[in-house]
Amino acid sequence: MRFDVVTLFPELFGPHLAHGVTRRAFERAVDVRLWQLRDFGDEPHRRVDDRPYGGGPGMVLLAEPLLRALEAIRSDRGAAAPLVHFTPTGRRIDQAVVQAFADGPGAILLCGRYEGIDQRFVDRHVDVELSLGDFVLSGGELPALALLDAVARLQPGVLGDQASHEQDSFSDGLLDCPHYSRPETLALSPREGEDAGAEAGLARVPAVLLSGDHARIARWRRERSLELTWRRRPDLIAAAEASGALSKADLRFLASLQL
Ligand SMILES: C[S@@+](CC[C@H](N)C(=O)[O-])C[C@H]1O[C@@H](n2cnc3c(N)ncnc32)[C@H](O)[C@@H]1O
């Protein structure tokens, strides 16, 4: 799998690709090549932007340097790959989008800057426009990194335990359940912990998680996941129901929440 990233700020990518659980994926499975757009700029100053026709604030990324960059990447890559442009006007990235890229051969990722890029380049060459969310960033580098990270962690062998991304939010259409670790009883402030008998100010791990009863634990986690999704993202519950992903026990539990 290969991703070619066109950006004015390739240095923003290095630290992320070299650290964390995804590092191995970027070393072995997900080949990321960075292309400095300025290398394809108009001489004599390798210019890549200019003022917008019609006036108004800001600058626009010029189509010609983008065309030269794309030609160089396509001839280097050989095989066809979709061209992705990051823009707030694009389709919102979700886990289904990430999974589609994780299952594919990679892509060319185009990071915009300034007011955006010349629309004629978009109309002629861009295959898909993606947004990170309903807010405006100063460039497409963070959305590109977000997509690369999410794709990398789905590669086999990247996460220590393969089940861990299968339990993550969205992989089964629901939000994840809450997680707990040591100690079993947490003093919410150090002073309250001094009085071993005091119950106020102590937070306990839900008893079911200490029971050793795996079926009960699995049901408890499923219900917490259903409850959180129902409260925060009813749209996801509706989609899960429509796709038949909810069991009879799930539906009974959801009905009990509405009483
Ligand atoms: C300042 S923004 C341009 C915003 C554009 N004028 C608009 O209002 O839609 C500069 C660049 O950041 C990137 N960008 C900003 N917000 C984004 C988002 N939510 N998702 C994806 N890319 C984004 C795009 O590549 C965009 O070309």
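Cβ coordinates are placed from backbone N, Cα and C, and glycine is handled just like the others.
Taken from TrEMBL, the feature S-adenosyl-L-methionine binding site covers Gly112, Leu132, Gly133, Asp134, Phe135, Val136, Leu137. Applying an 8 A CB threshold to same-chain residues 6+ apart, the list for Leu132 (S-adenosyl-L-methionine binding site) reads Phe86, Arg92, Ile93, Leu142, Pro143, Ala146.
According to TrEMBL, the feature domain 'tRNA methyltransferase TRMD/TRM10-type' maps to 1-238.
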Candidates Val136, Leu137 (binding-site residues); min other-Cβ count within 10 Å returns Val136
For the binding-site residues Gly112, Gly133, which one has its C-beta crowded by the most other C-beta atoms within 10 angstroms? Gly112
Look up Gly112 (S-adenosyl-L-methionine binding site) in the DSSP assignment and reduce it to helix, strand or coil. coil
Taking all protein chains shown into account, the Cβ-based neighbour count within 10 Å for Asp134 (S-adenosyl-L-methionine binding site) is 7
Near Phe135 (S-adenosyl-L-methionine binding site), which residues of its own chain have a C-beta under 8 A away, given they sit six or more steps off in sequence? Pro88
Among binding-site residues Gly112, Leu132, Asp134, Val136, Leu137, close to ligand 1 by Cβ (under 6 Å) are Gly112, Leu132, Val136, Leu137
